[in-house]
Amino acid sequence: MALGACGLLLLLAVPGVSLRTLQPGCGRPQVSDAGGRIVGGHAAPAGAWPWQASLRLRRVHVCGGSLLSPQWVLTAAHCFSGSLNSSDYQVHLGELEITLSPHFSTVRQIILHSSPSGQPGTSGDIALVELSVPVTLSSRILPVCLPEASDDFCPGIRCWVTGWGYTREGEPLPPPYSLREVKVSVVDTETCRRDYPGPGGSILQPDMLCARGPGDACQDDSGGPLVCQVNGAWVQAGTVSWGEGCGRPNRPGVYTRVPAYVNWIRRHITASGGSESGYPRLPLLAGFFLPGLFLLLVSCVLLAKCLLHPSADGTPFPAPD
């Protein structure tokens, strides 16, 4: 896909200036390389995805999740179909392998957007988990960046999904149960709607985003993060929700679209005593633009349809050096 008009204009920006700035500390692992290339995935290097969480029900891994701040984890609502009692759950952070580690966080509360028993195609498959005590951030435990509510992720953008799920249909993750990663590309909504037909057209809902590999998320990856790199930091575009099988042709993985719920996330975190600065997000730059650059950026906003415009090989173009 060729560069969009927004991409062409951004290339004219002065060095070191971009449309967005990042809150320090989010989405920047100290391991710079994403590693090898979950179904069709590879073992992730230690520290590559420091926001990755393992949600466990009575010490057994049931879902993935992502750390938003020292006390909040994002996951999927359907992960809580086994119990709604917060004391039944533990959250493990900073771990590469699924082990019976004695180091874990207990859960203060679970906030669901929808019923955990919802069927595939049900909107609102997202949940927040408040930890009983804030975790200490380190090179192995860091938050992911959140998008803005108005953000979109264009078809063809290459992102990554991580988890401890099945490596293919019917095949659980083998020992040593290491975190796996796989690269996927965002699929345009109309194609995904055709791939998942239903009464009245499609079972795909507006709050859903699709991505395919050849790799894919699978059972036990639910709730885990789909992240895309923006200006050198990783931003969560979606949470693993559902799909028909794992890695099947014309059956992309379906994710809950995180931008659709950023305001919901903010509202519940602040209502529970947190501050808006208590979790990372991507604020728009408020100023410091040269007059000529300002005109270019205004034109970009008017012409662009998505947050990210892929380059010719489908990857986001980088921020200016």
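The backbone N, Cα and C atoms fix where each Cβ goes, glycine too.
Here the structure is a predicted model, which means the values were calculated and not measured.
What Swiss-Prot lists as active site, charge relay system is His78, Asp125, Ser222. Under the heading domain 'Peptidase S1', Swiss-Prot lists 38-270, citing sequence analysis as support. The N-linked glycosylation site annotation in Swiss-Prot covers Asn85, and the record cites sequence analysis as its basis. Annotation source Swiss-Prot lists transmembrane segment at 284-304.
Feature map: annotations from Swiss-Prot on the structure.
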| residue | record | DSSP (3 states) |
| --- | --- | --- |
| His78 | active site, charge relay system | helix |
| Asn85 | N-linked glycosylation site | coil |
| Asp125 | active site, charge relay system | coil |
| Ser222 | active site, charge relay system | coil |
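Taking all protein chains in view, 11 other C-beta atoms sit within 10 angstroms of the C-beta of Asn85 (N-linked glycosylation site). Cα separation, Ser222 (active site, charge relay system) to the residue listed as 'N-linked glycosylation site', rounded: 19 Å. Take the CB of Asp125 (active site, charge relay system) and look out to 10 A: across all protein chains shown you find 31 other CB atoms. A distance of 14 Å separates the Cα atom of His78 (active site, charge relay system) from that of Asn85 (N-linked glycosylation site). A simple way to gauge crowding: the CB of His78 (active site, charge relay system) has 23 other CB atoms within 10 angstroms, across all the protein chains here.
The residue listed as 'N-linked glycosylation site' sits 18 Å from Asp125 (active site, charge relay system), taking the CA atoms of both as reference points. With a 10 A radius on its CB, Ser222 (active site, charge relay system) counts 25 other CB atoms from all the protein chains.
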